[in-house]
Amino acid sequence: KQYTAAGECCEACPPGEGMKVLCGEENTECEICLDSVTYSNISSHTDPCQQCTVCTGTMTMNIPCMDSFDTVCSCMNGFYLNSSEDEKCLPCEICDNGSGVLEQCTETQNTICEVCPPETYSDQKSSIDPCMPCTICEENEMMVTECSSVQDTVCTYDTLTEPSPFCVSKTAHSPRFFSTALDVTSKTTATVEIMTTTAIPSSPKLIWKGNNDNIIPVYCSILAAVVVGLVAYAAFKRWNSCKQNKQGANNRTVNQTPSPEGEKLHSDSGISVDGQIAHIGGRAEVKLYTTLPPHKKEEVEKLLKSCEEEAEWCSLAGLLGYNEKHIDTFKQDEYPVHALLSDWSAKDSATMDELCTALRKLKRDDIVESLSSEPTATSAV
């Protein structure tokens, strides 16, 4: 414990406040730390407010800095935090061919790979895909290439049991593909030479004679179905567009034509309800701060300046994404609150929802209520 010159015990500054004047002739003098700028997470009579940590490089901000705790940073996607490397974010490992992912990469753990066990394979590098089970050839197929750790089984149709004009190789992930060579010997009969697309140099040729015209109706049916689908889709889009245009015209007609009750209310009380009807008829949209009326903007600035402490609008700036350098620039302006809101409103993300969320974190519900309140009627002149 330390004491003042008068023998009093030095007072400790609580979390959220830091030592401004050290205890000596007088007792400890504390100051409030600025949100997003400085913080103090301990109770001390000697430690001042500390500068907030800035997330750099492959680190991103997870929790913003407040007056009583520091910024919480985390690694970007594709990186993990390695505690043995001075808390650095390292890229997640990618499993090679023949190996699959046993455990995916997390914020604090690297990817764990495993060599593909028997009856499984992995034919591509990946940081998320595990080893896949090998394909089992069907009864009417014969195996051309056996499954290995880096390649799936390759199967073909057994032409002795079920003739087919195509030689097929399949995997668990891809559709069947074929390779054919046609040698036309007459107008009605075609000889189809089928060669398997495998890596075996001595793979035999499989030859089958058949009528190639049988496949044409299938192609024509598929093409006709595609054309009909496109025409139906275009007709639906046009019908939907006409319907929306008609509804929009009806809404405008309703909004522009006052009802008898509205006229009666206007004549009896001198209050017009047209504004309220137009408001109900409109569809909800994302409201930008720039669309706010000038008198509302002035009211927000006055309410923020009504607080004597400069820390409040500085905290608002931090919650809106500004760093300490930008905040110092605003402080040099004659009207710092106006400069902050004018600069922020130029951003595409400057919506009323974002501003209200930040104000609620600062417990300024009075400003949120002021922004939310809209006149439901206008006085008739």
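Yeah, the Cβs are placed from backbone N, Cα and C, and that goes for glycine too.
Pulled from TrEMBL:
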type: COMPBIAS; residues: 246-259; note: compositional bias 'Polar residues'
type: DISULFID; residues: Cys52-Cys65; note: disulfide bond
type: DISULFID; residues: Cys55-Cys73; note: disulfide bond
type: DISULFID; residues: Cys92-Cys105; note: disulfide bond
type: DISULFID; residues: Cys95-Cys113; note: disulfide bond
type: DISULFID; residues: Cys116-Cys131; note: disulfide bond
type: DISULFID; residues: Cys134-Cys147; note: disulfide bond
type: DISULFID; residues: Cys137-Cys155; note: disulfide bond
type: DOMAIN; residues: 311-375; note: domain 'Death'
type: REGION; residues: 246-268; note: region 'Disordered'
type: REPEAT; residues: 32-73; note: repeat 'TNFR-Cys'
type: REPEAT; residues: 74-113; note: repeat 'TNFR-Cys'
type: REPEAT; residues: 115-155; note: repeat 'TNFR-Cys'
type: TRANSMEM; residues: 216-236; note: transmembrane segment
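Overlay of TrEMBL annotations on the structure.
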residue	record	DSSP class
Cys52	disulfide bond	coil
Cys73	disulfide bond	strand
Cys92	disulfide bond	coil
Cys105	disulfide bond	coil
Cys116	disulfide bond	coil
Cys131	disulfide bond	coil
Cys137	disulfide bond	coil
Cys147	disulfide bond	coil
Cys155	disulfide bond	strand
## Note on the structure
For the disulfide-bonded residues Cys55, Cys65, the largest set of other C-beta atoms within 10 Å encircles the C-beta of Cys65
### Message
Quick check on the disulfide-bonded residues: of Cys137, Cys147, whose CB has the lowest count of neighbouring CB atoms inside 10 Å?
### Response
Cys137
### Task
Sort the disulfide-bonded residues Cys52, Cys65, Cys73, Cys155 by C-alpha distance from Cys131 (disulfide bond) and give me just the closest.
Cys155
### Query
If H, G and I count as helix, E and B as strand, and all else as coil, what does DSSP give for Cys65 (disulfide bond)?
coil
### Message
If I take the alpha carbons of Cys155 (disulfide bond) and Cys55 (disulfide bond), what is the distance between them in whole Å?
### Response
53
## Note on the structure
Its Cβ having more other Cβ atoms within 10 Å than any other among the disulfide-bonded residues Cys73, Cys95, Cys155, the winner is Cys95
## Note on the structure
Whole-Å Cα distance, Cys113 (disulfide bond) to Cys105 (disulfide bond), is 10
